[in-house]
Amino acid sequence: MHGLLLAAGLLSLPLHVLAHPQPGTSLAGRAVDLNAYRMADRASYMSSDEMQAQQPHIASVSAGGYVETATEVVKRVMPGMTFRLVDDHYVGVSGISHVYFRQTMHGMDIDNSDFNVNIGKDGKVLSYGNSFYTGPAPDKAPMVKRDFSDPMQALHGVRKALNLPITADKATVKTVNEHEVTFMGTTGALSDPSAKLCYMAKEDGSLALTWRVETDMGDNWLLSYVDAKSTDQVHNVVDYVSHATYQVYRWPIPDPTEGKREILENPWNLRTSPFTWISDGKNNYTTTRGNNAIAQANPDGGNEYLNNYRPNNKNLKFEYPYSPNMSPPKTYIDASITQLFYSANMVHDLYYMLGFTEKAGNFQVNNRGQGGKGNDFVILNAQDGSGTNNANFATPPDGQPGRMRVYIWTKAQPARDSSFEAGTVIHEYTHGLSNRLCGGPANSACLNGLESGGMGEGWGDFFATAIRLKPNDNRNANYVHGEWVNNSPKGNRLFPYSTSLKTNPLVYTSCNKYNEVHAIGTVWASILYEVLWNLIDKHGKNDGPTPVFENGVPKDGKYLSLKLVLDGMAIQPCKPNFVQARNAIIDADKNLTKGANKCELWKAFAKRGLGTGAKYDPKNRTGSTAVPKECQ
């Protein structure tokens with residue numbers, strides 16, 4: 001290989017590990033601030049209305065099938081650029097075709113340069129997102145110049161810069177292909193680290209040749225972009241972690257203070273889980289394992305899970321004692337695992353109905369020939385011993401299992417187990433949803449910027465809040481996130497979610513004073529909470545556990561809001577900002593209902609400063625309460 005040792009076992013694209021409610025983004029136990037390494041949000045988004053007004057020649061493109069049409073759009077918008085089709089395009093349940101492209105240079109990826117095209121169910125171009133690099137190209141291919149470091153130096157550079165407890169003194173480098181290697185014989189990571197030679201578009205408009213080093217450290221699953229010439233310089237870091245009969249708290253009881261446990265028989269939905277929750281179509285289980293998830297205890301916080309303890313009952317009676325007063329937590333581990341398994345499967349089934357299917361990159365072992373990549377249920381670790389007072393979800397690309405770690409919270413006595421707080425489980429699972437939808441199932445690195453990462457947190461809060469609405473709630477209802485596990489009426493967010501600007505004063509420009517994803521996420525979820533109630537006021541509220549559809553459209557406002565937000569995730573560009581995500585939701589409604597809710601959406605966004613005149617600038621966002629003329 002021309003003197004370069006490169007390896008076997010393809011390096012997967014970014015996995016997102018997102019932590020639940022605790023502010024601050026740092027490497028677990030190592031005092032390194034990952035915010036300093038976040039990628040800039042570089043994408044542009046051309047909405048349906050903008051394209052009709054500014055680029056009618058693009059809106060009218062038609063070149064046969066949806067992939068061919070999308071390819072032609074990229075060629076016309078970015079003439080002369082080289083790119084490749086990412087093999088994860090699909091037609092969603094709303095009829096929108098999603099096609100994804102990655103920019104290339106000298107035969108190598110520019111790893112943060114993406115283009116996504118959305119084709120409406122009418123076959124016309126709906127919108128597109130673009131973050132292609134437009135600066136000067138290197139004069140020679142790096143594989144010709146050989147002007148880059150050994151990959152082992154890159155691993156050492158990452159280890160030093162991020163203070164990773166990886167030992168590589170006896171490691172060897174195994175070649176995967178001309179651009180990729182795997183490091184064999186290291187210790188300290190949960191799996192063998194790997195590296196891929198690729199370009200990175202920098203914030204200053206230049207292009208850097210980098211080694212993308214992947215290290216799974218458990219609570220952090222990192223893609224570190226190390227300068228290929230000076231391996232002591234780390235340009236950016238992506239973290240994938242963000243951060244029968246069942247006796248359970250019935251969905252969607254939020255926590256043990258608001259309901260009693262019940263014994264539910266066969267709680268699955270055969271339309272969304274046709275093998276039930278305890279079979280994968282080939283094997284039937286008598287434990288908390290099935291096609292969608294596998295749940296177990298993980299007291300030592302390790303990476304192994306298949307042989308970990310989980311309750312087993314040949315009669316399929318998962319009925320175990322639990323009371324919030326029980327202590328220590330291990331005395332009720334069976335109940336904890338069962339509750340976590342139940343809640344995660346309920347989320348799977350609901351999100352499937354809303355459009356998070358096999359083609360869209362959902363989490364299942366057996367995809368039944370429905371598209372996407374299988375063998376990727378969610379690994380659910382109850383009472384995970386790797387931390388306390390938190391939870392996180394790791395989202396690798398489609399075809400690799402997601403991993404949810406749920407911790408014990410020590411802010412009350414006795415300590416509280418977050419498996420029993422539905423909002424925690426919904427929030428974490430929603431990281432998997434947003435990371436698989438945004439940018440396509442094969443790209444899990446689209447929500448690692450400050451504003452895009454903040455929206456990832458906000459979507460988690462929004463879905464958790466909307467799903468937990470009570471039958472008697474109206475737009476005056478306020479919701480606190482993380483109240484029970486935190487043992488605090490204020491929870492762990494800046495303000496309660498509320499339609500009152502006195503109770504919750506957050507507006508779009510509030511983001512100007514925040515530099516942390518949970519704070520920015522609270523702003524985004526506060527805006528979406530306005531969307532929720534505007535649509536409920538117009539269409540009513542379905543208090544059942546599943547939506548009722550008419551011609552593919554939820555009939556009530558609660559589930560319609562979830563559907564539009566979910567569709568918007570798939571439409572928006574990789575690394576979106578608030579303005580682009582707003583436009584994607586409006587485009588989702590245009591596709592789904594022909595824009596029947598345009599004014600309700602605009603009024604909700606405008607109320608909190610995301611009106612027609614809102615502008616994104618990472619340091620000085622401009623707010624607006626204006627709405628389109630037809631909505632005044």
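Each Cβ is built from the backbone N, Cα and C atoms, and glycine gets one as well.
If you check Swiss-Prot, you get these features:
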{"type": "ACT_SITE", "residues": "GLU428", "note": "active site"}
{"type": "BINDING", "residues": "HIS427, HIS431", "note": "Zn(2+) binding site"}
{"type": "CARBOHYD", "residues": "ASN284", "note": "N-linked glycosylation site"}
{"type": "CARBOHYD", "residues": "ASN591", "note": "N-linked glycosylation site"}
{"type": "CARBOHYD", "residues": "ASN620", "note": "N-linked glycosylation site"}
{"type": "SIGNAL", "residues": "1-20", "note": "signal peptide"}
Per DSSP, three-state class assigned to ASN620 (N-linked glycosylation site): coil
HIS427 (Zn(2+) binding site), number of other Cβ atoms within 10 Å: 29
Proximal residue to HIS431 (Zn(2+) binding site) among glycosylation sites ASN284, ASN591, ASN620 (C-alpha distance): ASN591
Cα-nearest neighbour of ASN591 (N-linked glycosylation site) within the listed recorded positions, ASN284, HIS427, ASN620: HIS427
Glycosylation sites (ASN284, ASN591, ASN620), the one with most neighbouring Cβ atoms at 10 Å: ASN591
Surrounding CB atoms that lie within 10 Å of the CB of HIS431 (Zn(2+) binding site), all protein chains: 31
Cα proximity to ASN284 (N-linked glycosylation site), best match among recorded positions HIS427, GLU428, ASN620: GLU428
Alpha-carbon distance [GLU428 (active site); ASN620 (N-linked glycosylation site)] in Å: 30
